[in-house]
Amino acid sequence: MAPRFSWSFATSWHALAILALWPVSTLAGDKSAADYYVRELPGLPKDSPPIKMHAGHIEVTPETNGNLFFWHFQNNHIANRQRTVVWLNGGPGCSSEDGALMEVGPYRVTKDNALTLNNGTWNEFANLLFVDNPVGTGFSYVDTNSYIHGLNAMATQFITFLEKFFALFPEYESDDLYFAGESYAGQHIPYIAKAILDRNKLKSRAETWKLSGLLIGNGWISPQDQSSAYLKFSLEKGLIEKGSDNAQQLQHMQRICDKEMSINPGHVDYPECESILNKILELTREGSGDQACINMYDVRLRDSAPSCGMNWPPDLKYVGPYLRQPQVISALNLDKQRNTGWQECNSMVNANFRNQNATASISLLPDILKEVPILLFSGAEDLICNHVGTEELISNLAWNEGKGFEVTPGNWAPRRQWTFEGEVAGFWQEARNLTYVLFHNASHMVPFDYPRRSRDMLDRFMKVDISSIGGQPSDSRIDGEKGPDTSVGGAKNNTQQHEEETKQKLNEAKWHAYQRSGEVVLVIVIIAASVWGYFVWRQRRKGAAYSALQNDEAAGQSRTGLAAFHDRQSDRDLEAAAFDETTVDNIPLQESIGRGESKYSIGDDSDEEEEGTTKT
């Protein structure tokens, strides 16, 4: 029996060796990509094609427990190159799960916590990354007294998030990177874009991120232009009657707003101007109940007061309960100790983010447009961030050696009619790296109303080439021109294609295995047949040699012996012949054997061995 000390030392040394080989990240408690894998999402339809998903928290400020939640969907197809679209909703403080489950994500929520497929999902040709931004929004969290106050701090934290995300998922770091979102994301996205461009200048070419485009829908980009557009839009839409007392009251408020903006130009928030929107909602209120006031996100609709659109869209009543389910919380890899229940918008984030002295993102666009294309799109029925304000923004903006959509002095880029599957969808207008798209009959959340049209817009902007994929392209035309095929239907997604390719390879491997087995069996049969044939040939050769020997012996005798034998035999086979024993006795045996040996071999013990050495 070995001494106890010797056994203990060996065991301890073995344990230390294992610890030495154990990954440092494991000892430190760092997560890997596998920890974020979404294994099973509750409510998926049975016929749903498989989509690879990852979700969870990434820490951005350890000192304040600041964590951003993300939900990543892999693309269905790769069209000529890899792309990733980061989607952000607005607020500030409103969750990007609105975008994931009501706008551009692959699923929509219905009653009974069921999911259905979105036929206009933006992950058709791009990986989709939804982030609840900034900290405290949606599933993201931070210590109560540590909400951020400004756009620069937000952008810095987002760069930290991306650094850690790409460390976990390096396969996406070299993708063409796009940012998309709506409403107050019109502030977030340009600030993040500027931070990325600044970062790229400090990195080697291999470490840079390929920022390839920005898409902002009904964006709060230029507060001055949007604040001036509330009244203009309301008069154009007939919400406020021109020349009425209500119109005069609002015009007075507009003058106060304009004065404040002239004193403090370029700010993000102007309380004096926001009061105009509130007054419009108040003046257009009718009675009580769920139809009391105008829906500020879609003026064709009405809502209860004082919500005036906050209860919209209708899918919202399903999204909240779905995301609060324990099994969904578990599936999305959420920290149960930190989860306080999903809220669409966090008023605390909003209250802390209102930094009136911040510089509006409109000031960043000219420099960004030197390097990165930007697409602004608007739903024509939105009031709060309406298309009139966006069009004023463009007209007043100077970039890339021109102002507005002027292409030559006095000539502006035309508004080109866009038709989608036979219907007039809106118009496109573009010049010098900036594109503007107006969606007819659409709300503040354009992809909610027109998922397939919005994806067609995305695909055109990203210059998607689907020629190598197959499927049925959509009929999308600008000024009657078909252009490249940008939307596809009926094609299998990457996961399905990979599974089928794997199955095909397995079948091919099985066939090759069967083929090899058949070849082996055939070789064995050939060898066996050859051996059997050789055996038969040897036996017949021996018989022929013996027969020839008897003939040779008989040829040297008198007719009295052999002639008598030959005349009497009924067959040439000696064993079958009937002959007279006395005749055979008279054959001179020794002499005939000597002659026979000189001409034939009748197979002594050494013959087979000698023959074997000469075969080639």
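Even glycines carry a Cβ here, placed using N, Cα and C.
These figures come from a predicted structure and were not determined experimentally.
The active site annotation in Swiss-Prot covers Ser183, Asp382, His444 and is backed by similarity to another entry. Taken from Swiss-Prot, the feature compositional bias 'Acidic residues' covers 604-616. Taken from Swiss-Prot, the feature N-linked glycosylation site covers Asn119, Asn357, Asn433, Asn441, Asn493, and the record attributes it to sequence analysis. For 468-504, 577-616, the entry in Swiss-Prot reads region 'Disordered'. Swiss-Prot lists 1-28 with the feature signal peptide, giving sequence analysis as the kind of evidence. The feature topological domain 'Lumenal' is assigned by Swiss-Prot to 29-516. As annotated by Swiss-Prot, topological domain 'Cytoplasmic' applies to 538-616. For 517-537, the entry in Swiss-Prot reads transmembrane segment.
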Summarise the model confidence on the topological domain 'Cytoplasmic' (538-616) as a single mean pLDDT, whole number.
40
Report the member of Asn119, Ser183, Asn357, Asn433, Asn441 (the recorded positions) whose C-beta atom has the most other C-beta atoms within 10 angstroms.
Ser183
Given the recorded positions Asn119, Asn357, Asn441, His444, find the one whose Cα is closest in space to the Cα of Asp382 (active site).
His444
Check the Cα-Cα distances from His444 (active site) to the recorded positions Asn119, Ser183, Asn357, Asn433 and tell me which is shortest.
Ser183
Given Asn119 (N-linked glycosylation site) and Asn441 (N-linked glycosylation site), what distance in Å do their CA atoms have, once rounded to a whole number?
19
May I ask which of the recorded positions Ser183, Asn357, Asn441 is closest to Asn433 (N-linked glycosylation site) if we compare their C-alpha atoms?
Ser183
Other CB atoms within 10 A, centred on Asp382 (active site):
28
Taking just the CA atoms, what is the gap between Asn357 (N-linked glycosylation site) and Ser183 (active site) in Å?
20
Quick check for the class: what is the C-alpha distance, in angstrom and rounded, between Ser183 (active site) and Asn441 (N-linked glycosylation site)?
18
